């Protein structure tokens, strides 16, 4: 009859019996695997003894197997060390599967020990529950509510106690032990806060000291680099100074201050973040915004060609030799130091300056005398426009060749107007 009703041999079946047939096949396969395992010799994964499979226990979750003696010793040691429930894992290295309760009962084969295991497991599970506490008198678990009161009543011995301090119930709103714990926590928080502030202050002090030392080193390196670059520039400027063609100008002492101030103004304009309009060549200063520029003089639109800011004065300029407060005075002092390279006229009302010193070269390259023989006034070139109009006689002349001109035809044939 069993062979006739064996569902594995049926040619047809009802759809509602699919799950039943599937489970039957699984169970049948498991039973035969277990029989095959028990009828063959196996090697214990702990002691490496070769024994029959019927004398081994194969764990259901991970399928690892061991002899009964090894598993019994392992489980008893684990229980003595307080490992139970989901903490009692398979002894295989790095296997995280827990033993099932029926497997533990089969392994230890000791009713008293298994009852102790169940009791510890239950106690551990109850301790993890927030609404369960233990009666301080009979050690029975007591279910507590979520109310604000601290009253707990044991159903076993009817003992009424405080669920916070476990002492006999008191009617105060705040539990004395709870209040004490709160005060201790406040003191601990204050102490931690004080220690934290001290540590933060010490860290800030150490960080400031590190930053100060690092900044000092960076400043020293930067200063060393600036000194090196300045020395190179000075040497290069001295070589260029010796290469240039000798020139000299005669300055009237009564007009010296005005002339020096005009030269300084021209250099200040060039030192600013300025560019010339590509159309009319007027100087335009950029103090922010995008790179699109509009010339208010000729209504020409152009793009700012560089992102460089204000330039430091070069050693070949008057700005390099002038102080912030007293520019003219500092330049005059520097000129007096170069008197060995300058010539003073016979009437002591004029001084002759040549281009063999940095400050002298800065003055000589900026001025050209008016070509009008009856004027001869020194005029300062402002910007890059070579068209000079004499401030005294209004004579027009070219700064490049120092020749008088009439109109702009001169710049179309001989000299460049903007240099």
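Just so you know, glycine gets a Cβ as well, placed from its N, Cα and C.
Residues annotated as compositional bias 'Basic and acidic residues' in TrEMBL: 197-209 (among others). A Cβ distance under 8 Å defines the sequence-distant neighbours of the compositional bias 'Basic and acidic residues' (197-209), meaning residues of its chain 6+ beyond its ends; there are none.
TrEMBL lists 216-233 (among others) with the feature compositional bias 'Basic and acidic residues'.
The feature domain 'RING-type' is assigned by TrEMBL to 40-334 (among others).
Marked as domain 'RING-type' by TrEMBL: 44-94 (among others). Mean pLDDT, taken over the domain 'RING-type' (44-94), works out to 85 on the 0 to 100 scale.
Taken through DSSP, the region 'Disordered' (197-233) splits into 37 helix, 0 strand, 0 coil. Residues annotated as region 'Disordered' in TrEMBL: 197-233.
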